[in-house]
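Novice: For reference, Swiss-Prot lists these features for the protein:
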ACT_SITE  Tyr56  active site, proton donor
SITE      Lys81  site 'Lowers pKa of active site Tyr'
BINDING   His112  substrate binding site
BINDING   220-274  NADP(+) binding site
Amino acid sequence: MPATLKNSSATLKLNTGASIPVLGFGTWRSVDNNGYHSVIAALKAGYRHIDAAAIYLNEEEVGRAIKDSGVPREEIFITTKLWGTEQRDPEAALNKSLKRLGLDYVDLYLMHWPVPLKTDRVTDGNVLCIPTLEDGTVDIDTKEWNFIKTWELMQELPKTGKTKAVGVSNFSINNIKELLESPNNKVVPATNQIEIHPLLPQDELIAFCKEKGIVVEAYSPFGSANAPLLKEQAIIDMAKKHGVEPAQLIISWSIQRGYVVLAKSVNPERIVSNFKIFTLPEDDFKTISNLSKVHGTKRVVDMKWGSFPIFQ
(Lines of atoms letter the chains of each structure in order from A and count residues from 1; the text may use other names and numbers.)
(Lines give C-alpha, C1' and ligand atoms only; values in the text may rest on other atoms or scores of the structure.)
Protein backbone atom coordinates (compact mmCIF):
# COMPACT_ATOMS: atom_id res chain seq x y z
CA MET A 1 0.00 0.00 0.00
CA PRO A 2 1.48 3.40 -0.98
CA ALA A 3 2.61 5.66 1.84
CA THR A 4 0.56 8.73 2.69
CA LEU A 5 2.66 11.74 1.75
CA LYS A 6 2.14 15.16 3.28
CA ASN A 7 3.87 18.51 3.06
CA SER A 8 6.47 19.02 5.78
CA SER A 9 5.36 21.47 8.46
CA ALA A 10 7.24 20.38 11.60
CA THR A 11 9.71 22.58 13.44
CA LEU A 12 12.36 22.13 16.11
CA LYS A 13 13.03 24.53 18.96
CA LEU A 14 16.45 26.23 19.05
CA ASN A 15 18.16 27.02 22.36
CA THR A 16 17.21 30.66 21.70
CA GLY A 17 13.53 29.76 21.87
CA ALA A 18 13.01 30.31 18.14
CA SER A 19 11.58 27.60 15.88
CA ILE A 20 13.39 26.24 12.83
CA PRO A 21 11.54 24.28 10.11
CA VAL A 22 12.86 20.71 9.98
CA LEU A 23 12.94 20.68 6.18
CA GLY A 24 15.06 23.40 4.63
CA PHE A 25 16.00 24.24 1.07
CA GLY A 26 19.74 24.15 0.31
CA THR A 27 21.30 26.49 -2.25
CA TRP A 28 24.85 25.15 -2.67
CA ARG A 29 25.87 25.12 -6.36
CA SER A 30 22.65 26.91 -7.31
CA VAL A 31 24.00 29.98 -9.08
CA ASP A 32 22.72 32.68 -11.44
CA ASN A 33 19.21 32.01 -12.77
CA ASN A 34 19.22 28.48 -11.32
CA GLY A 35 19.63 29.90 -7.84
CA TYR A 36 16.90 32.47 -8.31
CA HIS A 37 14.33 30.18 -9.91
CA SER A 38 14.98 27.28 -7.52
CA VAL A 39 14.37 29.46 -4.44
CA ILE A 40 11.21 30.88 -6.04
CA ALA A 41 10.03 27.30 -6.71
CA ALA A 42 10.88 26.20 -3.17
CA LEU A 43 8.95 29.02 -1.54
CA LYS A 44 6.02 28.40 -3.88
CA ALA A 45 6.08 24.70 -2.89
CA GLY A 46 5.83 25.62 0.79
CA TYR A 47 9.43 25.64 2.06
CA ARG A 48 9.92 28.27 4.73
CA HIS A 49 13.58 27.60 5.50
CA ILE A 50 16.28 28.74 3.05
CA ASP A 51 19.94 27.87 3.64
CA ALA A 52 22.55 30.10 1.97
CA ALA A 53 26.25 30.94 2.42
CA ALA A 54 28.64 33.67 1.35
CA ILE A 55 30.92 31.16 -0.40
CA TYR A 56 28.03 29.83 -2.51
CA LEU A 57 28.28 33.14 -4.41
CA ASN A 58 24.52 33.32 -4.85
CA GLU A 59 23.26 35.46 -1.97
CA GLU A 60 22.08 38.17 -4.36
CA GLU A 61 19.99 35.67 -6.35
CA VAL A 62 18.63 34.10 -3.16
CA GLY A 63 17.70 37.50 -1.74
CA ARG A 64 16.04 38.60 -4.97
CA ALA A 65 14.00 35.40 -5.06
CA ILE A 66 12.87 35.89 -1.46
CA LYS A 67 11.77 39.44 -2.28
CA ASP A 68 10.00 38.45 -5.51
CA SER A 69 8.28 35.39 -4.01
CA GLY A 70 5.63 37.43 -2.26
CA VAL A 71 6.12 35.41 0.93
CA PRO A 72 6.45 37.78 3.92
CA ARG A 73 10.00 37.94 5.26
CA GLU A 74 8.90 37.07 8.79
CA GLU A 75 7.51 33.74 7.56
CA ILE A 76 10.89 32.57 6.21
CA PHE A 77 13.77 31.18 8.28
CA ILE A 78 16.95 32.31 6.51
CA THR A 79 20.48 31.09 7.21
CA THR A 80 23.77 32.28 5.78
CA LYS A 81 27.36 31.48 6.69
CA LEU A 82 30.70 33.09 7.52
CA TRP A 83 33.56 32.07 5.24
CA GLY A 84 37.04 31.30 6.61
CA THR A 85 38.78 34.31 5.05
CA GLU A 86 36.48 36.64 7.01
CA GLN A 87 36.67 35.03 10.44
CA ARG A 88 38.58 37.95 11.96
CA ASP A 89 35.60 40.28 11.46
CA PRO A 90 32.33 38.33 11.36
CA GLU A 91 30.16 41.41 11.80
CA ALA A 92 31.64 43.05 8.69
CA ALA A 93 31.15 39.78 6.79
CA LEU A 94 27.54 39.56 7.98
CA ASN A 95 26.93 43.14 6.88
CA LYS A 96 28.14 42.23 3.38
CA SER A 97 25.94 39.12 3.31
CA LEU A 98 22.91 41.16 4.38
CA LYS A 99 23.60 43.70 1.66
CA ARG A 100 23.84 40.96 -0.97
CA LEU A 101 20.68 39.30 0.34
CA GLY A 102 18.84 42.62 0.55
CA LEU A 103 17.80 41.85 4.13
CA ASP A 104 17.93 43.63 7.48
CA TYR A 105 18.64 40.42 9.37
CA VAL A 106 19.02 36.65 9.05
CA ASP A 107 17.58 34.09 11.42
CA LEU A 108 20.81 32.12 11.76
CA TYR A 109 24.47 32.91 11.04
CA LEU A 110 26.88 29.98 10.99
CA MET A 111 30.65 29.63 11.07
CA HIS A 112 30.93 27.59 7.86
CA TRP A 113 34.08 25.66 8.87
CA PRO A 114 36.21 25.86 12.03
CA VAL A 115 39.15 26.85 9.82
CA PRO A 116 40.45 30.45 9.59
CA LEU A 117 42.01 31.15 6.20
CA LYS A 118 44.75 33.65 5.40
CA THR A 119 44.18 36.35 2.80
CA ASP A 120 47.83 37.34 2.21
CA ARG A 121 47.88 35.66 -1.19
CA VAL A 122 44.51 36.99 -2.36
CA THR A 123 45.48 39.49 -5.05
CA ASP A 124 42.15 40.38 -6.66
CA GLY A 125 40.38 41.43 -3.48
CA ASN A 126 37.92 38.55 -3.67
CA VAL A 127 38.10 36.90 -0.27
CA LEU A 128 35.24 34.50 -1.04
CA CYS A 129 37.69 31.87 -2.22
CA ILE A 130 39.98 29.13 -0.91
CA PRO A 131 43.48 30.69 -0.77
CA THR A 132 46.30 28.26 -1.49
CA LEU A 133 50.06 28.18 -1.06
CA GLU A 134 52.49 27.56 -3.92
CA ASP A 135 52.35 23.81 -3.28
CA GLY A 136 48.56 23.85 -3.70
CA THR A 137 47.68 23.32 -0.04
CA VAL A 138 45.12 25.55 1.63
CA ASP A 139 46.57 28.67 3.28
CA ILE A 140 45.30 28.17 6.83
CA ASP A 141 46.01 30.59 9.67
CA THR A 142 47.39 28.24 12.31
CA LYS A 143 49.24 30.78 14.47
CA GLU A 144 47.46 34.12 14.81
CA TRP A 145 43.80 33.11 14.71
CA ASN A 146 41.47 30.22 15.56
CA PHE A 147 37.78 29.37 15.67
CA ILE A 148 37.59 30.19 19.38
CA LYS A 149 38.47 33.83 18.65
CA THR A 150 35.95 33.86 15.83
CA TRP A 151 33.22 32.52 18.10
CA GLU A 152 33.98 35.13 20.76
CA LEU A 153 33.08 37.75 18.14
CA MET A 154 30.16 35.82 16.64
CA GLN A 155 28.41 35.32 19.97
CA GLU A 156 27.94 39.09 20.23
CA LEU A 157 26.15 39.37 16.87
CA PRO A 158 22.58 38.61 18.05
CA LYS A 159 22.78 41.77 20.18
CA THR A 160 23.11 43.81 16.98
CA GLY A 161 19.81 42.53 15.60
CA LYS A 162 21.53 41.47 12.38
CA THR A 163 21.06 37.79 13.20
CA LYS A 164 18.70 36.16 15.65
CA ALA A 165 21.00 33.24 16.40
CA VAL A 166 24.53 32.02 15.76
CA GLY A 167 25.79 28.50 15.22
CA VAL A 168 28.50 26.38 13.68
CA SER A 169 28.95 24.00 10.79
CA ASN A 170 31.29 21.06 10.22
CA PHE A 171 32.28 20.96 13.90
CA SER A 172 33.39 17.67 15.45
CA ILE A 173 32.71 16.65 19.05
CA ASN A 174 36.21 17.74 20.05
CA ASN A 175 35.84 21.12 18.36
CA ILE A 176 32.50 21.76 20.07
CA LYS A 177 33.97 20.74 23.43
CA GLU A 178 36.88 23.13 22.91
CA LEU A 179 34.48 25.94 22.01
CA LEU A 180 32.15 25.35 24.97
CA GLU A 181 35.04 25.06 27.42
CA SER A 182 36.83 28.21 26.22
CA PRO A 183 37.06 30.83 29.01
CA ASN A 184 35.22 33.59 27.15
CA ASN A 185 32.39 31.47 25.80
CA LYS A 186 28.95 32.84 26.67
CA VAL A 187 26.73 31.27 24.01
CA VAL A 188 26.03 27.65 23.10
CA PRO A 189 25.78 27.35 19.30
CA ALA A 190 22.15 27.13 18.18
CA THR A 191 22.96 24.54 15.51
CA ASN A 192 25.73 22.41 14.06
CA GLN A 193 25.28 21.81 10.33
CA ILE A 194 27.07 18.64 9.20
CA GLU A 195 27.04 16.00 6.48
CA ILE A 196 24.55 13.25 7.35
CA HIS A 197 23.03 10.52 5.22
CA PRO A 198 22.44 6.75 5.49
CA LEU A 199 26.12 6.00 4.79
CA LEU A 200 27.29 8.63 7.30
CA PRO A 201 24.69 8.53 10.10
CA GLN A 202 26.84 10.47 12.62
CA ASP A 203 25.10 8.84 15.61
CA GLU A 204 27.67 9.90 18.20
CA LEU A 205 27.92 13.51 17.03
CA ILE A 206 24.13 13.86 16.84
CA ALA A 207 23.72 12.50 20.38
CA PHE A 208 26.44 14.82 21.70
CA CYS A 209 24.86 17.89 20.11
CA LYS A 210 21.41 17.02 21.46
CA GLU A 211 22.90 16.60 24.94
CA LYS A 212 24.36 20.12 24.69
CA GLY A 213 21.14 21.69 23.38
CA ILE A 214 22.49 22.13 19.86
CA VAL A 215 20.09 21.39 17.00
CA VAL A 216 21.70 19.30 14.26
CA GLU A 217 21.23 20.19 10.60
CA ALA A 218 22.03 17.67 7.85
CA TYR A 219 23.47 18.78 4.55
CA SER A 220 24.03 16.50 1.53
CA PRO A 221 21.33 14.02 2.64
CA PHE A 222 21.56 12.31 -0.77
CA GLY A 223 25.37 12.23 -0.73
CA SER A 224 26.07 15.62 -2.35
CA ALA A 225 26.25 16.65 -6.02
CA ASN A 226 25.87 13.30 -7.81
CA ALA A 227 23.36 12.03 -5.24
CA PRO A 228 24.90 8.53 -4.94
CA LEU A 229 22.46 7.57 -2.15
CA LEU A 230 19.56 7.82 -4.59
CA LYS A 231 21.22 5.02 -6.58
CA GLU A 232 21.61 2.66 -3.60
CA GLN A 233 19.60 -0.45 -4.44
CA ALA A 234 18.28 -0.85 -0.89
CA ILE A 235 16.96 2.72 -1.01
CA ILE A 236 15.42 2.22 -4.46
CA ASP A 237 13.72 -1.04 -3.43
CA MET A 238 12.29 0.40 -0.24
CA ALA A 239 11.05 3.53 -2.03
CA LYS A 240 9.22 1.30 -4.54
CA LYS A 241 7.72 -0.68 -1.67
CA HIS A 242 6.18 2.49 -0.24
CA GLY A 243 5.31 4.09 -3.58
CA VAL A 244 7.57 7.09 -2.99
CA GLU A 245 10.69 8.60 -4.54
CA PRO A 246 14.11 7.61 -3.10
CA ALA A 247 14.67 11.25 -2.13
CA GLN A 248 11.37 11.33 -0.22
CA LEU A 249 12.42 8.18 1.61
CA ILE A 250 15.78 9.63 2.69
CA ILE A 251 14.30 12.99 3.72
CA SER A 252 11.57 11.25 5.73
CA TRP A 253 14.15 8.98 7.42
CA SER A 254 16.26 12.03 8.28
CA ILE A 255 13.37 13.97 9.83
CA GLN A 256 12.29 10.87 11.75
CA ARG A 257 15.75 10.80 13.35
CA GLY A 258 15.04 14.18 14.92
CA TYR A 259 17.14 16.74 13.10
CA VAL A 260 16.84 19.39 10.39
CA VAL A 261 17.51 18.22 6.84
CA LEU A 262 18.48 20.45 3.91
CA ALA A 263 17.28 19.20 0.55
CA LYS A 264 18.63 20.72 -2.65
CA SER A 265 17.48 20.64 -6.27
CA VAL A 266 17.16 22.99 -9.22
CA ASN A 267 14.45 20.82 -10.81
CA PRO A 268 11.00 22.36 -10.08
CA GLU A 269 9.25 18.97 -9.95
CA ARG A 270 11.82 17.50 -7.55
CA ILE A 271 11.65 20.62 -5.38
CA VAL A 272 7.91 20.01 -4.94
CA SER A 273 8.37 16.25 -4.51
CA ASN A 274 11.10 16.63 -1.88
CA PHE A 275 8.77 18.69 0.30
CA LYS A 276 6.42 15.72 0.75
CA ILE A 277 7.28 13.29 3.54
CA PHE A 278 5.86 10.26 5.34
CA THR A 279 6.48 8.17 8.45
CA LEU A 280 8.55 5.02 7.92
CA PRO A 281 7.54 1.80 9.69
CA GLU A 282 10.02 0.95 12.44
CA ASP A 283 11.56 -2.04 10.64
CA ASP A 284 12.23 -0.04 7.46
CA PHE A 285 13.56 2.87 9.50
CA LYS A 286 16.06 0.52 11.16
CA THR A 287 17.03 -1.03 7.81
CA ILE A 288 18.07 2.36 6.45
CA SER A 289 19.77 3.26 9.73
CA ASN A 290 21.89 0.09 9.43
CA LEU A 291 23.01 0.64 5.81
CA SER A 292 26.37 2.05 6.91
CA LYS A 293 27.02 -1.13 8.92
CA VAL A 294 26.46 -3.19 5.77
CA HIS A 295 28.27 -1.00 3.23
CA GLY A 296 30.64 0.93 5.48
CA THR A 297 30.62 4.64 6.24
CA LYS A 298 31.37 7.12 3.48
CA ARG A 299 32.05 10.84 3.82
CA VAL A 300 31.34 12.65 0.54
CA VAL A 301 32.17 16.26 1.41
CA ASP A 302 35.72 15.49 2.51
CA MET A 303 37.41 18.90 2.40
CA LYS A 304 41.17 18.84 2.77
CA TRP A 305 42.29 21.39 5.33
CA GLY A 306 45.92 20.36 5.63
CA SER A 307 46.82 19.21 9.12
CA PHE A 308 43.74 20.79 10.72
CA PRO A 309 41.86 18.06 12.67
CA ILE A 310 38.54 18.84 11.04
CA PHE A 311 36.64 15.60 11.65
CA GLN A 312 38.51 14.27 14.68
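Glycine is no exception: its Cβ is also placed from the backbone N, Cα and C atoms.
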Novice: By Cβ count within 10 Å, point out the most packed of the recorded positions listed: Lys81, His112.
Specialist: Lys81
Novice: Whole-number Å only: compute the distance from the Cα of Lys81 (site 'Lowers pKa of active site Tyr') to the Cα of His112 (substrate binding site).
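Specialist: Cα-Cα, rounded: 5 Å.
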Novice: Taking 10 A as the limit, how many CB atoms besides its own sit near the CB of Ile255 (NADP(+) binding site)?
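Specialist: Excluding its own Cβ, the number within 10 Å is 22.
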Novice: In terms of DSSP three-state secondary structure, what is the assignment for Ser220 (NADP(+) binding site)?
Specialist: coil
Novice: Cα-Cα separation of Ile255 (NADP(+) binding site) and His112 (substrate binding site), in Å?
Specialist: 22
Novice: On a C-alpha basis, identify the one among Ser220, Ala227, Glu269 that is nearest to Tyr56 (active site, proton donor); the candidates are the binding-site residues.
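Specialist: Nearest candidate: Ser220.
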Novice: Using DSSP, would you call His112 (substrate binding site) helix, strand or coil?
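Specialist: Reduced to three states, the DSSP call for His112 (substrate binding site) is coil.
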Novice: Under a criterion of Cβ-Cβ distance under 8 Å and sequence separation of at least 6, what residues of the same chain contact Ala227 (NADP(+) binding site)?
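Specialist: Residues satisfying the criterion: Ala247.
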Novice: Name the secondary structure element type, per DSSP in three states, that contains Gln248 (NADP(+) binding site).
Specialist: helix
Novice: Do me a favour and check the Cα-Cα span between Lys241 (NADP(+) binding site) and His112 (substrate binding site); whole Å is fine.
Specialist: 38
Novice: Just to be sure I understand the packing, how many Cβ atoms besides its own are within 10 Å of the Cβ of Tyr56 (active site, proton donor)?
Specialist: 22
